[in-house]
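Below you'll find the structure, written out as structure tokens, and then a few comments.
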Ligand code: GLN
């Protein structure tokens, strides 16, 4: 049951071989046994999950079914869920019981999915290792010495350790794809604007995008069908015809052209990651794909540009927590540290404070032109590189992360090293492109490697088709950490 696909679970529920209440209890039991060690969940509320499962069972009994009715889904703690503690991994929200549902949560509720718990994450989604969470780090189920990645490390760990068959996540610079890669699961960040951000606590609004995590591409397609769609409550939500993201899963790959950026394969990648990625591409060639070398000349600017723009947007968002709201004025502080001391901002962890500092600096008088405006211009160039590249290829591939999961504590004292975890992922956020990571084997220390697939705008169905075809001839996505007890 713990290893079943969403389709298999739906069939069991529909044939009444198991009820949603029973299924929910199976996962809750597994969570109770593993979560104390792995720390993937911040909040588990058995009563609320089981109440939802009862509603789902009634829906099934009355024939009101949808492919996700009765299926447990772990929700990243960045999504507001009515009646649930919603912390965003921060002490600042450690007593916030949300009075409303994010659109995503509402959509899952409407089809009768079960919220199985709120997953751990880096504080306000700022991080690549889950070590910035106020609730302590998450451990990688493949090797508990290793980080699960971040910021959606709790969601990735929950799926990898089979504590949930699927999870939600968000991605501002790589937070769906990098933890998916490090935990050996599949994850997709859709085109910017496809998934509503209403009720999703903001990090950097022009980059943030919600998306699903699951074992397989087929599961991701079913989840995207629920998560995407226009929402009048999010001003950046796109008005488009609904699509069935599973429609092309079974198509043969045919004339697929895979672009391989020469900048990615030149340097920086660990040897074990390179060989796993090359083997995955060789597998796709066997399925009929051809490869073409492309260039993304400005890609090396993605990290510096991201670390101007994301903190700038974050510092504006987080100002809702600062003293201004409580009647302070800028002149009441001698400097930013003084402000932290005098306001509630002292409740932020070190990484969030660092981001507010950078953000305030690049937006301040005299530095705005030199940093923020320049970064905006470079963002445009980074996006144009992709437009050029997609004239030569259908999708772009490479590694998701330059190396396998690093050890807990290994990078937490070195922000720059931590930031470089997203060297291959952040460009897709700057350009607003859809991008995904799928398991592609194992590298150093037998830790998982992810294959990164970037598609053109709105090509999610094509990307899922490619991933699904790959998953028909490989079994990386069905492997589970060996040490897990079977339930
Ligand atoms: N690791 C990046 C950061 O720390 C991206 C995080 C994310 O995508 N939310 O900002």
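Including glycine, each Cβ sits where the backbone N, Cα and C put it.
Per TrEMBL, these features apply:
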- 76: active site, charge relay system (ACT_SITE)
- 151: active site, charge relay system (ACT_SITE)
- 175: active site, acyl-ester intermediate (ACT_SITE)
- 22-464: domain 'Amidase' (DOMAIN)
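Features per TrEMBL, on structure.
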residue	record	DSSP class
76	active site, charge relay system	strand
151	active site, charge relay system	coil
175	active site, acyl-ester intermediate	coil
Return the count of C-beta atoms lying within 10 angstroms of the C-beta of residue 151 (active site, charge relay system), excluding that atom itself.
35
Restricting to the domain 'Amidase' (22-464), what is the model's mean pLDDT?
94
Least crowded of the active-site residues 76, 175, counting other Cβ atoms within 10 Å of each Cβ, is 76
Distance [Cα-Cα, Å, rounded] between residue 76 (active site, charge relay system) and residue 151 (active site, charge relay system):
10
Return only the integer: C-alpha distance in Å from residue 151 (active site, charge relay system) to the residue listed as 'active site, acyl-ester intermediate'.
5
